[in-house]
Amino acid sequence: MKKGIHPELKKARIVCACGAVYETLSTKEYMTVEICSKCHPFFTGQRKFVDTEGRVERFAKKYNWEIK
């Protein structure tokens, strides 16, 4: 590998909307995410919808679908 062409890695802090904080290495020092392994339905076993713009409600109304 060539020297001097790769970006410098820094300690990065990743914050989820649920409040979970992760630390890793990245070229950015701070990132936010809406969903992570602590709050994602696949990992938690719970069924819930994460909706930030009302898309799920519009879809449910359009197809007469009930949200649980």
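Cβ atoms here come from the backbone N, Cα and C positions, even for glycine.
Listed in Swiss-Prot:
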- C16, C18, C36, C39: Zn(2+) binding site (BINDING)
Sorted by sequence, non-C16, C18, C36, C39 residues with Cβ within 8 Å of centre, Zn(2+): A17, G19, A20, V33, E34, I35, S37, K38, H40
Other CB atoms, at most 10 A from the CB of C39 (Zn(2+) binding site): 18
Cβ-Cβ neighbours of C18 (Zn(2+) binding site) (radius 10 Å): 13
